[in-house]
Each structure stands twice: as structure tokens, then as C-alpha cells.
């Protein structure tokens, strides 16, 4: 204990200078509910970190930013920034066995507001994330019919609906039948009855799953965390058998190393690592707090992180195998249309008869196309693959259209949207736990009535009605892009700073050593203090500057032209954005001010010098002492 006592004595001098009155070690707290098995914890942690972004965000970023080159960059940032921060949150939650509010108040009382900010961000995310589950439920319900309602354009009499004819059946169904969207976010007030019902169903499922805390949610996770992998493997096997799948996968992973020279690629890779792991939400801390003290959280950090990464790669293989098939179908249709047009210009026995495949047509077009009318263009498979889509555009339009070409399309459609629903549910359970666990730990009256607390999902449903307006999808985009991004980055910056500088990286490693029985490498000290902190500050700075310099925009659907267009947010929407960000971050300065006011009411440390002793002169390990002894300055606690 000589080394630990010396470390604590030195740290007490820092505390005296900073005014921090924090415990001098991570104590073993009172009894706390725990997981029935390691498998339950593992499924919960993987289920939370693996979400919709792995399916509809990662593949798009990968093919847009250099394919295999992006994968290498992603792994590099995952090892240097992502896993160290993930390990930090796992260790803090497991050692202190509290939710985010209790953990950050314990580590640095002056930054106790970090935990409250995490709760606010979780609430914002839960509001719009459940709307995506509602969309999945709507499509799942419409998948049990043949033909699928988005396979063909509807007709009014004998005339095809113009909006559908100008776009595509899947785009028309998404924007007109599912959302009945308006032309801009300014057109508010009219509600979508179908989406209200689906949102109610989504919140009901979440509420029932969280009714008894982790004891009930983990039973759902046995299915919701495993089922998506079964579906992805089924889609991969089916996709690899499709024509065009090989071209799609090659296009996806072909490395373009020159992309490493672009700052934008680094920023997007770092942002994806950050959000893929779910850092800053408090859910990682909450789940980890139910672990036994000696659980190997270091191994968990690597295991969960690489499962998350491999899931993203698996999803990318599936997406681009199917989209490669989709591109092949569209190119074949393009060639057929071009052949019909050109047949009217040239004689039937010309060389054009040889052009029966996209490859033959392209070579023929390069040789003879300059002599044809200007409105005739080439049908390029690679160009078709470059029309990458992400988010809802991938899930509800591009991928949905690709599945409509598969034999037995209703089966594949139902399977796909059931997978999206389960991916979303696992993440929603983690998000809700990021709210419930810290509030229950902080306010004991809530802990005794957690059943009533979870039933308050009705509040989320009522507020979520804003997303069921005809312009609701624009509000989902606004919340997704701005309500969580900046606040979460700020939260993680404060987390990293409070652990590595205020509490002390060496001291934190000491506590981990007492907890695990072995000491993690000293590399973590420098990663937390410098690399991770500087990386997050840099990401915060660039994100803030870009938000300020460039007026935020959103993608709107124009019914008249049947196409998307980027529109700037109106002034009132910008005010809402600012309020969301300020409201999420307000607990940090409020907590800091409250801590200073509380310190001023306390007697000075000099008057307490003879009363308290902060050095542990006994051989009793800090982690074996009671939390009350630690928080009272160990007054007469060691005899």
C-alpha cells in the first residue's frame, strides 16, 4: 500500500488547490442489482452499440470515403481513440457501480452536471429514435401482402400518378403513402394518423420491455440482439447468389488511399467511431454498473468494439451485394430503353444487335455514341453504384426497391424490417437505461418506483407527436443531426478531462488495478490525457465551426418535381436547434456553479485540518473501505 498511499497524499494537495472534495479511491458501494450471467451483459452491451447506423450509415461512409482505405482508417481511430474511451466508461461504471450522474459526481463533484447532460441527450435521442421504429413497424405491417405496395405505381383511372411516374414506386410510397410529407419544414400542423398509431405501438413495446428494468429488457435482448445477425447472414448468402453482387462488393471495398489526404474523411471516420460505440450517452456506464467488481472490463472493451466493427463490415457486404444487384437491374433496364430508342435511328441488322449486355453496349457506345443524338447516354454500372444513399434513403427507398426484385419479395421485406425493428429496440433499451439508471441512483424515491418511472414512456409519446406531423421527418433529421452531436462530443471531452486531469489518470489506473487484480498498460494514461482529449477537442472545434459558418440545411421532398432538394432551415428552426443544444449542455455550468456555492458554505480546509485525515495509514485497500468513510474524509474510519 506504500505506492497507493503516496499517490493519494500527492493528489490531496491537488484537491486542496482545486477545491475538490472528492473520495480518495473508488469504493465498493452498497449492494446493487446485477446481471444473471455474463451473456446477458454481453448481449445488452452489444445490442446497444450495434444499431441502425451500422446498417445504413457505415456502408455509405465506407464507399464514399475510399472503401478499403476508410476501413483501415476506421480501425486506426478505433484503436487509438474509440476503445480507450470505451474502456474508460466501462471501468468507471463497474468500479463506482452507479449511473452516469453518480459516476461523474463521484469522480469530480464540480462536473456532476455531465451525468445530467447525458440524460438529457438520451431523452432527445429516444424521442426521435422511436419514430424510426414506428416507420419500421409501418413497413413491416405492409410487407405481408403480394405484390408489395411499393412495387408498382398506383393509377388514377388509366393514368399513372404523376409524382410516382417522375420518381419511382418506392420513393412515392415512402414520401406520399408512409409520410405524406410536405414540401418544407414550415408547413406544420397536419398529423399523420398512421404514424401516430405506429408511434404508440413502438412506445408500448419499449415500455413493456423496460417495465422491470434490466430483468425484463434482457429477456427481449436474447432475441433482439441475436436476430439481426441471423437476418444479415441470410441476406448475405442470398445476396452473393445475385447477379451484380460481385461488382457491388468490389466497388465497396476497392481501396482509394489518396482519400487519406482529405480532412473530411478523417472527420467522418472519427465521428462514426464515436457514435458507433455509443460514447457519452451514459448507457455504457449504466450497463457496466451492474457487473461484479472483478469483471474483466478491459477485455469487454476490445470484444464489444470489434464485434461492432465486424457487424458494420458484415452489413456493408450485405448492402452492397444487394445494391450491386439493384444497380445491375437498373443498368439492364437502361440498356433496353436505349436499344429501343436507337433501333428507330439505325437499321435492324446493324452492329447494335450485338449489344445485348451492359458491357457490350458500353463498348459499342464509346465507339459509335458520338454519332448519335445528344439525349442518348451510356448506361454505366459504376456510375449507378456511385449514387450512394444513407439513412432512411437506403433503408426505405434503395434497399426496399432492390428487395422488390427478389423472388418471394414479401418474405425478404418482412425479414428486413423486422431486423431494423430489433436493431432499434436494442439501442432504445440502452438509451432508456441511460436515463433510468442514473435518475434512480440519484433519487431514491424513483428507485423504489421504477415501474412507475418506466411507465412514463407516455410522456415520450406525447412529445414525440411532433414527429408524426406531415413535416415530421424533417424534425427527425434536425434532431438526429444537431440535438445529440455537439452535446455528446462536449460530454465526452469533459469525461476525458475529469478522469485524466482532475481525478488523475494514474489514480484511475490504480483503482482499475485494485478492481481487476492487474494494471492496464501505461499507454492508456497518455491516450486519455493527450490523444483522446485532443482528438475530441479537435472534433468539437471543427464541428462547431462548420455549424456556425455554413447555415444548416435539410433535404426536402418536392411533390411537384418529385425530387429531393436541399433547403436552409428557417430562422425559427435555427432557434430551436440552439435551444436544444443549450438545454442539453446547461447542466454542466449549473452543476459547476452549484458546487462552488456549496463549497462557500462549507468551513475552510484549514479549520478541518485537525479533524480529518486523508491518508490511509492502514493496509486496508481503498476499494474495501465503505463509501461513507471515503466521502467523509476517512474521519476516524481506520483504527
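Heads up, the Cβ atoms here are built off N, Cα and C, so glycines get one too.
Curation does not apply to TrEMBL; its annotations are automatic.
For 41-59 (among others), the entry in TrEMBL reads transmembrane segment. Note on the transmembrane segment (41-59): residues 35, 132, 214, 217-218, 221-222, 224-226, 228, 252, 272, 275-278, 283-284, 287-288, 290-291, 300, 303-305, 307-308, 311-312, 315-316, 319-320, 390-392, 394-395, 420, 423-424, 426-427, 429-431 of its chain, located 6 or more positions outside it, place their CB under 8 angstroms from a CB of the stretch.
Cβ-based neighbour count (10 Å, all protein chains) for residue 308 (Na(+) binding site) stands at 25. Positions annotated as Na(+) binding site by TrEMBL: 47, 50, 54, 308, 423.
Look at TrEMBL and you will find 71-92 (among others) tagged as transmembrane segment.
For 113-140 (among others), the entry in TrEMBL reads transmembrane segment.
Counting same-chain residues at least six beyond the ends of the transmembrane segment (193-214), those with a Cβ under 8 angstroms from any Cβ of the stretch are 33, 35, 40, 44, 130-131, 133-135, 137-138, 141, 178-179, 220, 287, 290, 425, 428-429, 432-433, 436, 450-451, 454-455, 457-458, 460-461, 464-465, 467-468, 472. Feature annotation from TrEMBL assigns transmembrane segment to 193-214 (among others).
The list of residues near the transmembrane segment (226-245) in space but at least 6 beyond its ends in sequence, with Cβ under 8 angstroms from a Cβ of it, reads 43, 50, 311, 314-315, 317-318, 321-322, 324-329, 381, 406, 412, 415-416, 418-419, 422-423. TrEMBL lists 226-245 (among others) with the feature transmembrane segment.
The feature transmembrane segment is assigned by TrEMBL to 265-290 (among others).
The annotation transmembrane segment is assigned in TrEMBL to 302-323 (among others).
Here TrEMBL flags 411-432 (among others) as transmembrane segment.
Feature annotation from TrEMBL assigns transmembrane segment to 453-476 (among others). Listed by sequence, the residues of this chain that lie at least six past the ends of the transmembrane segment (453-476) yet keep a Cβ under 8 A from its Cβ atoms are 123, 126-128, 130-132, 134, 179-182, 184-192, 195-196, 199-200, 203-204, 206-207, 210-211, 213, 392, 432, 436, 439-440, 446, 554, 556.
The transmembrane segment annotation in TrEMBL covers 482-505 (among others). Same-chain residues lying 6 or more positions outside the transmembrane segment (482-505) and placing a CB less than 8 Å from one of its CB atoms are 7, 11, 14, 18, 20, 22, 85, 88-89, 92, 104, 107-108, 110-111, 114, 117-118, 120-121, 124-125, 128, 271, 274-275, 279-281, 524-525, 528-529, 532-533, 536-537, 539-540, 543-544, 547, 552, 577, 580-581, 584-585, 588.
Sequence-distant contacts of the transmembrane segment (526-549) (same chain, at least 6 residues past either end, Cβ-Cβ under 8 Å): 77, 80-81, 84-85, 88, 267, 270-271, 274, 482, 485-486, 489-490, 492-493, 496-497, 499-501, 505, 508. The transmembrane segment annotation in TrEMBL covers 526-549 (among others).
Among the features that TrEMBL reports, transmembrane segment is placed at 572-597 (among others). Only residues 6 or more beyond the boundaries of the transmembrane segment (572-597), in the same chain, are considered here, and those with a CB under 8 A from a CB of the stretch are 19, 109-117, 120-121, 124, 185, 478-479, 482-484, 486-487, 490, 494, 551-552.
For the transmembrane segment (411-432), the residues of the chain that approach it from at least six positions outside its boundaries are 44, 47-52, 54-55, 122, 125-126, 129-130, 132-133, 136-137, 139-140, 143-144, 148, 205-206, 209-210, 217, 220-221, 223-225, 227-228, 231-232, 234-235, 238, 278, 281, 283, 286-287, 395, 399-400, 403-404, 454, judged by C-beta separation under 8 angstroms.
Sequence-distant neighbours of the transmembrane segment (265-290) (same chain, 6+ residues past either end, Cβ-Cβ under 8 Å): 32-35, 41, 44-45, 48-49, 51, 53-54, 57-58, 61, 65-66, 70, 73-74, 77-78, 81-82, 85-86, 89-94, 96-100, 103, 115, 118-119, 121-122, 125, 214, 259, 297, 304-305, 308-309, 312, 427, 430-431, 433-438, 485, 488-489, 491-492, 495, 535-536, 539, 542-543. Long-range neighbours of the transmembrane segment (113-140) within the same chain, counting only residues 6 or more positions beyond its ends whose Cβ lies under 8 Å from a Cβ of the stretch, are 52, 99-105, 178, 194-195, 198-199, 201-203, 205-206, 280-283, 392, 396, 400, 413-414, 417-418, 420-421, 424-425, 427-428, 431-432, 434-435, 438-439, 460, 463-464, 467-468, 472, 475-476, 479-480, 483-484, 487-488, 490-491, 494-495, 498, 580, 583-592.
Outside the transmembrane segment (302-323) by six or more residues, the chain places 42, 45-46, 49-50, 54-56, 58-59, 62-63, 71, 74-75, 78, 82-83, 86, 229, 232-233, 235-236, 239-240, 242, 245, 248-249, 251-253, 276-277, 385, 394, 398-399, 402-403 with a CB less than 8 A from a CB of the stretch. Here residue 47 (Na(+) binding site) comes close to 221, 224, 225, 426, 427, 429, 430: these same-chain residues lie at least six apart in sequence, with C-beta atoms under 8 angstroms from its C-beta. The record gives 47, 50, 54, 308, 423 for Na(+). Within 8 Å of the mean position of their Cβ atoms, the other Cβ atoms in that chain belong to 46, 48, 49, 51, 225, 228, 311, 426, 427. For residue 423 (Na(+) binding site), the same-chain residues that are 6 or more apart in sequence and have a Cβ closer than 8 Å to its Cβ are 50, 51, 52, 54, 55, 224, 228. For residue 50 (Na(+) binding site), the count of additional Cβ atoms within 10 Å of its Cβ stands at 27 [all protein chains shown].
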